[in-house]
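A.B. asks: So Swiss-Prot says this about it:
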- 40: active site, proton acceptor (ACT_SITE)
- 147: active site, proton donor (ACT_SITE)
- 35, 38, 69, 70, 71, 72, 73, 94, 113: substrate binding site (BINDING)
- 54-112: disulfide bond (DISULFID)
- 68-123: disulfide bond (DISULFID)
- 86-138: disulfide bond (DISULFID)
- 93-100: disulfide bond (DISULFID)
- 62: N-linked glycosylation site (CARBOHYD)
- 90: N-linked glycosylation site (CARBOHYD)
- 104: N-linked glycosylation site (CARBOHYD)
- 1-28: signal peptide (SIGNAL)
């Protein structure tokens, strides 16, 4: 009797484990919109004048795990203002896609560039504060930024 119950429950247990195995990885996967926020948004701070800002932020935001990300830009504006860019001037992305948008106004940003002598795991970055219009790629529903494409001088 107990053996019969075990034989019935075993396939159900195996099925449950298989389903969890397929579902679980997608539960922990970071969406493109969340990755954009992690890698590029720092609205709580003004563009820091500290020369160590990029070194600290690149580590804190997990962009130096396994390699040194060569270039990254942090945006020091409210998230809603950056999300609004998705409904501003449509421009062609660097890769030729047509889902990029340029901000109507300049934004406070910090550019982080890997120094020439820097090697993993000792990633060292040069910090540059700028006021630039930014270009982001947008997708999804809701339509939100998923990629930082460029920053450009204000031409007005």
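Including glycine, each Cβ sits where the backbone N, Cα and C put it.
Walk me through the surroundings of each of these features.
C.D. replies: The secondary structure of residue 40 (active site, proton acceptor), as reduced to three states from DSSP, is helical. Sequence-distant neighbours of residue 40 (active site, proton acceptor) (same chain, six or more apart, CB under 8 Å from its CB) are 72, 73, 74, 75, 145, 148, listed in sequence order.
Secondary structure at residue 147 (active site, proton donor), taken from DSSP and collapsed to helix, strand or coil, is strand. A sphere of 10 angstroms centred on the C-beta of residue 147 (active site, proton donor) encloses 20 other C-beta atoms.
Counted within 10 Å of its Cβ, the other Cβ atoms near residue 69 (substrate binding site) come to 16, all protein chains included.
Under 8 Å, Cβ to Cβ, and six or more positions away along its own chain, residue 54 (disulfide bond) finds 72, 110, 112, 113, 125, 126, 127. In the three-state DSSP assignment, the secondary structure recorded for residue 54 (disulfide bond) is helix.
A coil conformation is recorded for residue 68 (disulfide bond) in the three-state DSSP classification, outside any helix or strand. Same-chain residues at least 6 positions away in sequence with a Cβ under 8 Å from that of residue 68 (disulfide bond) are, in sequence order, 58, 114, 118, 119, 120, 123.
In this view, residue 138 (disulfide bond) is surrounded by 21 other Cβ atoms within 10 Å of its Cβ, with every protein chain counted.
Taking the Cβ of residue 93 (disulfide bond) as reference, residues of its chain lying under 8 Å away and at least six apart in sequence are, in sequence order, 99, 100, 135, 137, 147, 149. DSSP gives residue 93 (disulfide bond) a coil state; it is part of no helix or strand.
Sequence-distant neighbours of residue 62 (N-linked glycosylation site) (same chain, six or more apart, CB under 8 Å from its CB) are 38, listed in sequence order.
Neighbour count (other Cβ atoms within 10 Å of the Cβ, all protein chains): 12 for residue 90 (N-linked glycosylation site).
For residue 104 (N-linked glycosylation site), the same-chain residues 6+ apart in sequence whose C-beta sits under 8 angstroms from its C-beta are 85, 88, 89, 133.
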A.B. asks: Does residue 35 (substrate binding site) have same-chain partners at least 6 apart in sequence with Cβ under 8 Å from its own Cβ, and which are they?
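C.D. replies: Correct list: 146.
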A.B. asks: Taking only same-chain residues 6+ apart in sequence, whose CB is under 8 Å from that of residue 71 (substrate binding site), what do you get?
C.D. replies: 111, 112, 113, 114
A.B. asks: Could you give the Cα-Cα distance between residue 138 (disulfide bond) and residue 69 (substrate binding site), in whole Å?
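C.D. replies: One finds 22 Å between the Cα atoms of these residues.
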